[in-house]
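Listed in TrEMBL for this protein:
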- B:ARG202, B:228-229, B:242-246, B:259-266, B:ASN280: FAD binding site (BINDING)
- B:4-182: domain 'Electron transfer flavoprotein alpha/beta-subunit N-terminal' (DOMAIN)
Amino acid sequence: MQALVCVKRVIDYNVKPRVKADGTGVDLANVKMSMNPFDEIAVEEAIRLKEKGVVTEIVAVSVGVAKSQETLRTALAMGADRAILVQVDDGVEVEPLAVAKIIKGIADEEAPGLIITGKQAIDDDSNQVGQMVAALLGRPQGTFANEVSVEGDAVVVKREIDGGLQTVKLALPAVVTTDLRLNEPRYASLPNIMKAKSKPLANKTPADYGVDIAPRLRTLKVTEPPVRSAGIKVPDVDALVAKLKELGVA
Amino acid sequence: MTKVLVLVEHDNASVKDATLAAVTAAGQLGEVTALVAGANCDGAAQAAAQIAGVAKVLKADDASLDNALAENVAPLVAGLMADYDAFVAPATTTGKNVAPRVAALLDVMQISDILSVEGPRTFTRPIYAGNAIATVESSDAKLVITVRGTAFAKAATSGGNASVETVSATADSGLSSFVSAEIAKSERPELTSAKIIVSGGRALKDAATFEQIITPLADKLGAGIGASRAAVDAGYVPNDYQVGQTGKIVAPEVYIAVGISGAIQHLAGMKDSKTIIAINKDEDAPIFQVADIGLVGDLFTLVPELTGKL
């Protein structure tokens, strides 16, 4: 069974985003970019399923600018077998709905048994692509996965939900989106990074899948959130108790 | 008049709180119809009919709709949307699971986690863990929206008098089935509706210490208990305690952060709290940059002392 993993190049987890002065977006010039952390977990899960003999081939896909190739090389260095970059011009952002349509197009060609992706990208925080891919393919979805196990022609997914955990059983092929505690992604070793350079990476465009990527949402402006300023420090517990009393909670 | 269909989050017997903020947001767009999809969900439908601002309740009662499986709920919603202009769901794990599936079925780009309604098609929403706020305008024929619960007032649970209309479920997709749930039973207030939250971080060392330090303080204050990602990852507490960008978004009256350094991903989940109190031994910890009241010192002595003096 093939696993298709979808990865996105985003601002690095440790970088504090800055809003551009002209209010058009977030400044990404000269900012460290990395693979979306949830997508790393998706790649790791596919590799573990391959190590268990459940998955036979891992195809990593990214929809994005030319530099997304680096993100795909990271996936290849971790253990994916080949990659597909669906490239758009620099500066173009593709909305989740269009990304989902492109992934559907790829899935129609590749016929994966599992499509695994992060539950959300840490840039736009949309949390949509996996669910949309599942809808477009008419297949089931196991979102916010905490544990994944393939049992025959089904996948059992333990999901992180607001009240705790929920387990569902999905007929394959299925879409899984990863939550934080599904696994801890490995680091790529130097030999594997070198090897990744010669693994196949196909270049495609949205048009190859007949997908119109014209945005449906227009961003009118991007602003800084209201700033919270630091308050006071109290010297000891008695002073804190007094403050809590002022707030009416003690 | 814009007609808005709201997904009611419920346990078949009663309506969950997150629904109430979604009703308020939906009311800013137009006339609200509440959809209760479940199994033996008459109690929830009757409760939804009492919510102020709900004009009509649609009840879809079928075994296939139990546990809100997206594969069965989404086609039902997509079918009903022929008669509505907008679909609004709370940005809970249920809403986030179902709404994008509905959006794709309708060929609509969803607007996730809205903070405000700026116009009939214009909304604000947080991006980059709330480090930026985008104002977006939709060009889609219909709207699909999820609502951040802390950003809207809760509609009153009484005062409404909506009629309850029965609609039929679509056929069971057969694609997915519910196996089990592990839902923590707790007397404590739910995190997303708690007035006071005591949250612990990695500094709490282990599960036993977390329990020993945090729980008595929370008990004393009648508070909900939260945690940073680091504390959850380390296994001190279950996943549903996590506050942050990808965990729960909370905005209580008072948020007490104990041994939490204040990574941007954590701040994203709690910085709209009315008063933030931080207890941390590192006086340069980022949490102090957003805290209204800070106390620098060893939490292992300070927190028990605080609990004792309250």
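Positions of Cβ are set from backbone N, Cα and C atoms, glycine also.
Features per TrEMBL, on structure.
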residue  : record           : Cβ within 10 Å
B:ARG202 : FAD binding site : 18
B:GLN242 : FAD binding site : 28
B:GLN245 : FAD binding site : 22
B:ILE260 : FAD binding site : 31
B:ALA263 : FAD binding site : 19
B:HIS266 : FAD binding site : 27
Secondary-structure category, per DSSP, in which B:GLN242 (FAD binding site) falls: strand
Of B:ARG202, B:GLN245, B:ILE260, B:ALA263, B:HIS266, chain A-adjacent binding-site residues (C-beta under 8 angstroms): B:GLN245
